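> Once you've had a glance at the structure underneath, I'll fire off some questions.
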Amino acid sequence: MMIGKKPLIQVEDVSFQYLVNKDEKIPVLKNISFNIYPGEYVAIIGHNGSGKSTLSKHLNGILKPSQGEVLVNGMNTKEKRLLKRIRQEVGMVFQNPDNQLIATTVEDDVAFGLENTGVPMDEMESRIRFALDVVGMSEMSKRAPHHLSGGQKQRVAIAGIIAMMPKCLVLDEATSMLDTYGRKDILKVIRKLNDDGMAIITVTHHMSEVAEADRVIVIEGGNIVLQGTPREIFQKKAFLQNIQLDVPAASRIAELVHHNHANFNPEIIHSYEIVNEVKRLLKGGENEWR
Amino acid sequence: MASQFELTRNITIGQYIPTGSIIHKLDACFKLLSFTIMLIAIAICGTYFGNIVILAFSIALFMLSRIPIRYGLSGIKPAIPFVVILAILQLLFYGSVASGGTVLVKSGFILITTDSLRLVVVSAMRFVEIILISSVLTLSTSTTELTHGMERLLKPLKYIKFPVHEFSLIITIAIRFVPTFAMEMEKLMKAQASRGAEFGTGQWWRIVKRTKDMFPLIIPLFNSAMERAEDLILAMEARCYTPGEVRSNYKRYHIKVTDIMVLLFSILFSILILFYPFPY
């Protein structure tokens, strides 16, 4: 479906190792290649230490590959003078909501990235208003960060990125320190951004978030071990469990029911699909469901 | 006991009280500048009358800003012992320095003249005036406005290669993280206390012990500060921050007529106070 479209981010044969000292290196990524296309929603999953977070930090040049290349809109992240433009194309939100906000009020914080890129004043104001509107934080624009909840802080962090109008948003476990409500809010915002055409790359281990994505990349030991739609991925339950990954609850339930009732669709990944499936079978007139 | 762990409640950095008065609406930059000029006038003015005028003026400022005067007075309270001790010392030992005027008391080493008495009264008044005026400034200006105002005041220093923007960014980040660290400290205290640590229970003269009690808090606090700093750097870099580069500024300031009037007024006021021939 992406044929003919130019990739937004090209990861070409990327390897990365941390240097412990002169002789000792710890390899984290090994010969990874993939493309991200404009408007795509991609989830990168893997257990702790699999290298998924390191990989995400390569996407906007925070880390540079030891071998191979990362190209953002054709710009190589290894070129220092392009970094500013690369980071305007690919924005990034991190894990800890407390450690990302810089200024003492919400609107000043959203302005930070715009000030750095030299956006003129008049445009800045409308962009800040727009960004805070998208994340639903306009009413709190004068608040201090420490008067916000975790989810609200994370929404402000996202607004700070949106204001810079990137083509792609990378979320590096951005929901992992939030409660259920905070997470739901963030997911809603992400959905909206993706619907408006922004590419989303989310690094996560919450499987219900993975189900939202168009495409899933599974990382294990610094390699891509699996790639596909969430539905395809979650069918390989045994394989995922083997690399310490789970499948969404809905998927487990569907499989369990399928075991006892063969015509129950086992490929379900969303909880609402279970309801629909039950309704379908009830309408279908099969005796054992009556 | 409960209050022992409640640090965030006591944080009063920027005790900003929004009342929307004329003083609140002034540009922080001009407010700071006027404040500095007044401060100089207070420091130099040595007459009774002049100081009475300034004292009346600083109380008038409170009324104008519609902030209850008790906020200013609560700032004076902790300074009272300091002022009293200073006054006594000056009264006893300054007679030989400020020896002008007529001699009031002379017995042994104690020499009190009208001039030294004036010095005592005037310096006590100065204290009160400075506390009142600076309270008006901090109570009517938010910390954000203050840092922005300071940045603009320091801007001319750019020409001697002083990193003005970096300086104000450091202040902003410091202010931003004060509540975060206070909350962290609270968490650490509770965690350590739940494992049997005691804080502030030793006698007050056992300074070494009381300091040692704080180590299990300070070291983890430092540790987490470092971690936070690393995260913050990543977040700043991800948002295109490059130190030393030209940035645009979100806040634009329209200099209002009232701002200039206030500045002119404080200059005139200071000149008047300093050069008007008050009888006393």
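Quick reminder: no glycine exception, Cβ is built from N, Cα and C everywhere.
Got these off TrEMBL a minute ago, pasting:
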TRANSMEM  B:32-62  transmembrane segment
TRANSMEM  B:82-105  transmembrane segment
TRANSMEM  B:117-139  transmembrane segment
TRANSMEM  B:159-179  transmembrane segment
TRANSMEM  B:257-278  transmembrane segment
> Need a quick answer: max count of Cβ pairs under 8 Å to the transmembrane segment (B:257-278), which of B:32-62, B:82-105, B:117-139, B:159-179 is it?
B:32-62
> Sort out the residues at least 6 away from either end of the transmembrane segment (B:32-62), same chain, that have Cβ-Cβ distances under 8 Å to it, and list them.
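Result: 23, 68-69, 72, 118-119, 121-122, 125-126, 128-130, 132-137, 146, 149-150, 153, 262-263, 265-267, 269-270, 273-274, 276, 278-280.
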> Quick test of the contact rule: Cβ under 8 Å, at least six residues beyond the ends. What residues does that give for the transmembrane segment (B:82-105)?
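Beyond its ends, the transmembrane segment (B:82-105) has Cβ neighbours at 111-120, 123-124, 127-128.
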